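Trainee: Attaching a single structure in structure tokens format; questions to follow.
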Amino acid sequence: MPRILGIDPGSRITGYGVVEGSGSAPRHVASGCVRLPTGPFPDRLRVLYRALSELLAQHRPEAAVVEQVFVSRNPDSALKLGQARGAAICACVNAGLPVAEYTPGEIKQALVGHGRAGKAQVGYMVRMLLRLDATPAEDAGDALAAALCHLHQADMQARLRRAGA
């Protein structure tokens with residue numbers, strides 16, 4: 001039963017979500033947000049790296065998924081988001097995990113059926129698929145959505161291998 005850590009990187013808040021099982025029978029393990037302190041950006045990246053390293057040690061996933069960067073109108077924001085992604089990827093690779101990356105559109109397509117779904121639709125599907133009592137916070141929900149997308153992709157790849165394709 002694969003266990004996947006999904007990460008929705010951010011320069012102020014990074015969402016995480018751990019799921020296990022299969023694309024057709026996923027189970028919620030943990031989710032939440034890493035809130036980064038104010039202060040020098042390199043210090044915030046260190047906090048993010050350490051927090052994710054602790055989550056990796058605690059939950060022991062078999063793979064990680066990091067949402068890809070969207071194009072921003074603000075170059076400084078895009079650079080900071082890219083650096084946060086880098087800290088997240090380094091934490092995962094340092095723990096020996098393979099890291100998959102999906103665009104927001106690919107994640108929405110896997111969960112909702114079309115790549116232009118709204119945040120509310122994605123949150124609803126995360127809640128339904130994982131049988132949660134409430135819709136998770138947006139950043140944690142996005143991370144869970146990324147992990148669910150990867151479970152779905154892993155199921156599809158396994159089916160193709162079994163079919164000899």
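In case you wondered, yes, glycine gets a Cβ from its N, Cα and C as well.
Relevant sequence annotations retrieved from Swiss-Prot are reproduced here:
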ACT_SITE  ASP8  active site
ACT_SITE  GLU67  active site
ACT_SITE  ASP139  active site
BINDING   ASP8, ASP139  Mg(2+) 1 binding site
BINDING   GLU67  Mg(2+) 2 binding site
Trainee: Among the active-site residues ASP8, GLU67, which residue has its Cβ surrounded by the fewest other Cβ atoms within 10 Å?
Mentor: GLU67
Trainee: Have a look around ASP139 (active site) and count the other CB atoms within 10 A of its CB, chains all included.
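Mentor: Around the Cβ of ASP139 (active site), 23 other Cβ atoms lie within 10 Å.
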Trainee: What Cα-Cα separation, expressed in whole Å, is found between ASP8 (active site) and GLU67 (active site)?
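Mentor: Rounded to the nearest whole number, the Cα-Cα distance is 6 Å.
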Trainee: Using DSSP and collapsing to three states, where does GLU67 (active site) fall: helix, strand or coil?
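Mentor: In the DSSP reduction, GLU67 (active site) maps to strand.
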Trainee: Could you give the Cα-Cα distance between ASP139 (active site) and GLU67 (active site), in whole Å?
Mentor: 11
Trainee: Where does ASP8 (active site) sit in the DSSP three-state scheme?
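Mentor: For ASP8 (active site) - judged by DSSP and reduced to three states - the answer is strand.
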